[in-house]
Amino acid sequence: MKSLLVVFDFDHTIVDDNTDLIVQKLLSSDKITDDVKKLHRTDGWTAYMQEIFRLLHKSGVTHSEIHDAVIHTPATPGMAELIQFLYSQNMEVIIVSDANSVFIKDWLCSSSLAHAVERVFTNPASYDKDGCLNIEMYHFQDFCELSTKNLCKGHILDLYIEERASIGVTFSQIAYVGDGRNDLCPCLRLSEKDLVFPREGFQLDKLIRDMQDQKDMRMKAKVHVWKTGSDIIRTLSDYWHQNKIDSEH
């Protein structure tokens with residue numbers, strides 16, 4: 001049994017920005033017409049970003065320029081240290097994100113953190129022979145109203161835990177670190193022994209606060225708001241210290 005599985009979102013959690021929007025800024029704003037903007041509302045964010053990537057390619061923005069924009073996205077303060085700390089303690093780290101596989105891989109590799117992440121679950125992406133970045137939905141789902149149609153993070157987390165258990169790997173505790181609306185679903189699936197870390201002032205934090213009086217959607221896991229990765233290190237260290245004391249009595 002491993003003591004802890006830590007699940008991270010990516011944009012505005014590991015990195016201190018939205019990598020999709022960082023890359024979108026490489027495109028002249030006049031290229032993003034009302035018809036393009038409408039894609040987000042009608043077909044979802046993934047379809048919208050596919051059109052952005054097509055327009056970037058058509059405008060002559062290169063693979064290298066996109067790569068550079070992504071890898072220069074700053075880490076959220078203390079987040080790289082947190083991931084390295086978890087790795088040093090033999091904790092299992094996964095990422096579940098509505099970004100895409102190219103951006104996350106490029107950023108993790110450039111930040112020397114790829115070795116510390118066991119798995120990444122996100123929308124598959126790749127460059128075609130002409131240099132255009134293509135993205136697909138991770139899956140199509142219509143069973144979770146809390147999630148976007150292309151990514152139910154709670155379902156992904158449940159399947160991952162089942163997959164690990166099937167080969168004899170179980171966890172005594174799960175921690176979820178995120179910021180956005182689509183992080184609520186996995187947080188609601190956690191138990192009383194688990195931990196939820198919403199980023200202070202972001203949407204997940206506000207949603208959790210708003211639902212405190214809603215009995216049908218009450219959070220079972222213990223909630224710890226964070227500003228930096230260092231806050232999470234301190235909270236986890238305190239839990240481990242207390243659990244060690246409790247086990248000795």
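Positions of Cβ are set from backbone N, Cα and C atoms, glycine also.
Remember, TrEMBL labels are computer predictions, not curated facts.
What TrEMBL annotates here:
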type	residues	note
ACT_SITE	Asp9	active site, nucleophile
BINDING	Asp9, Asp11, Asp179	Mg(2+) binding site
ACT_SITE	Asp11	active site, proton donor
BINDING	Asp20, Asp98	substrate binding site
(request) Specify the secondary structure state of Asp9 (active site, nucleophile) as given by DSSP, simplified to three classes. (result) coil
(message) Need the DSSP three-state call for Asp20 (substrate binding site) to compare against my parser.
(response) helix
(request) Compute the C-alpha separation of Asp11 (Mg(2+) binding site) from Asp98 (substrate binding site), stating it in Å without decimals. (result) 8
(request) Using Cβ-Cβ distances, find the residues under 8 Å from Asp179 (Mg(2+) binding site) that belong to the same chain and are at least 6 apart in sequence, listing them in sequence order. (result) Asp9, Asp11, His12, Thr13, Pro198, Arg199, Phe202, Gln203, Leu204, Asp205
(request) State the three-class DSSP label for Asp179 (Mg(2+) binding site), counting H, G and I as helix, E and B as strand, and everything else as coil. (result) coil
(request) Using the recorded Mg(2+) site (Asp9, Asp11, Asp179) as reference, state which further residues of the same chain have their Cβ within 8 Å of the centre of those residues' Cβ atoms, listed in sequence order. (result) Phe10, His12, Thr13, Ile14, Ser97, Gly178, Gly180, Asp183, Arg199, Phe202
(request) List the same-chain residues at least 6 positions away in sequence whose Cβ sits under 8 Å from the Cβ of Asp98 (substrate binding site), in sequence order, or say none. (result) Asp11, Trp45, Thr46, Thr122, Asn123, Thr148, Asn150, Leu151, Asn182
(message) What's the number of neighbouring CB atoms sitting within 10 A of the CB on Asp11 (Mg(2+) binding site)?
(response) 23
(request) Pick the one among the recorded positions Asp9, Asp20 whose Cβ has the fewest other Cβ atoms within 10 Å in this structure. (result) Asp20
